[in-house]
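Report on the following structure.
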């Protein structure tokens with residue numbers, strides 16, 4: 001992985017340094033032919049490509065369910081029919097609406113805690129907010145995952161990927177408890193964390209290990225540093241990375257160099273004996289990591305379902321996801337709209353949002369109002385219109401980053417349930433909601 005070993009072969013190359021024993025007369029073994037030997041199985045990767053196919057298939061299914069032409073007046077690439085994309089102002093990543101993502105399994109802390117939908121902690125890592133999002137993530141997965149699966153096999157790499165994704169979702173849910181989120185960056189950062197711990201625990205068997213370590217640390221540092229910018233959910237990155245880091249000590253352990261040297265020693269040579277397959281520090285790291293994972297996940301799940309918001313107990317933790325400067329702010333502000341639905345007075349006893357009513361929105365912060373046609377009771381659409389009316393830009397999106405400056409990993413639209421309708425003054429024939437509350441970027 002990333003500069004390890006002497007050659008660019010798919011398998012790990014181990015340097016063997018045997019000592020010549022008493023060689024039979026007439027035989028002259030050539031040490032050079034045994035210097036580099038593949039001592040580990042070279043797996044044929046199939047799980048990582050399957051993950052890529054599954055993610056793309058899920059995105060296509062989400063776009064089919066989204067059916068933009070039936071719920072939006074203007075769609076991008078409308079010639080694609082129900083696979084066309086939401087307007088760019090709503091989703092700049094060329095993808096579905098937030099309500100569709102929520103329906104298909106996006107991470108929503110309120111639903112996880114109060115509606116017992118804990119499966120969303122896993123389902124959200126298979127959803128993507130748009131074409132750019134799924135493309136960047138899948139390229140990153142292929143770049144990292146293929147090599148890992150070649151070295152360690154589908155089972156261990158698959159476990160690191162899925163459990164790390166769960167860990168990223170869990171930590172994100174403990175710190176960011178409004179809105180919905182999707183993306184696989186937690187799982188991808190888990191693979192990076194696994195690469196780092198695997199290099200540490202298997203330190204004795206690799207050549208050029210300092211160069212590999214430096215390169216890997218630079219990649220990780222740059223991507224975590226990008227998470228300090230606004231609109232970037234760095235908690236999912238940190239949670240996924242820490243999960244993968246400790247999982248690497250558990251699942252990606254290799255035998256020590258002396259044991260490998262002894263097993264690969266050519267005929268006529270004697271290798272120094274190895275008393276144990278693994279070194280003591282490898283066993284210690286294995287035990288410590290397993291204990292940390294069990295305690296960490298247990299405490300995280302208990303805190304989540306008790307409704308704990310870690311930000312309330314940690315005054316500085318929010319700086320791990322965004323550092324405010326004079327150039328940008330990390331705060332979210334709330335805007336409010338009053339909603340009025342104009343109906344003929346005779347229809348008030350049969351009030352329904354499905355009658356194709358005319359909806360009037362009034363922004364309470366600037367006094368602006370406008371009329372809209374709303375064919376169904378879609379609260380997320382009302383909130384979107386409210387945000388457009390109150391500010392010049394759309395509801396703020398929360399993006400996750402993984403491996404490149406162009407990898408936008410999540411779109412998060414804050415969704416609040418609208419209060420129940422209240423009938424007012426049957427003479428004027430209107431129905432009003434008190435307010436629609438939306439969080440927007442400052």
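Including glycine, each Cβ sits where the backbone N, Cα and C put it.
Because TrEMBL annotations are produced automatically, they should be read as predictions rather than curated entries.
In TrEMBL, the feature transmembrane segment is placed on 158-176, out of the ranges 158-176, 310-328, 329-347. Per TrEMBL, the range carrying the annotation transmembrane segment out of 43-64, 65-86 is 43-64.
TrEMBL assigns the feature transmembrane segment to one of the listed ranges (15-36, 103-124, 125-146), namely 125-146. If one looks beyond the transmembrane segment (182-203) by at least 6 residues along the same chain, the residues whose Cβ comes under 8 Å of a Cβ in the stretch are 1-2, 4, 55, 101, 106-107, 124-129, 133, 137, 140-141, 144-145, 148, 152, 157, 160-169, 172, 209, 212-213, 216-217, 219-220, 223, 236-249, 251-254, 281-282, 285-286, 289, 400-403, 407, 409-411.
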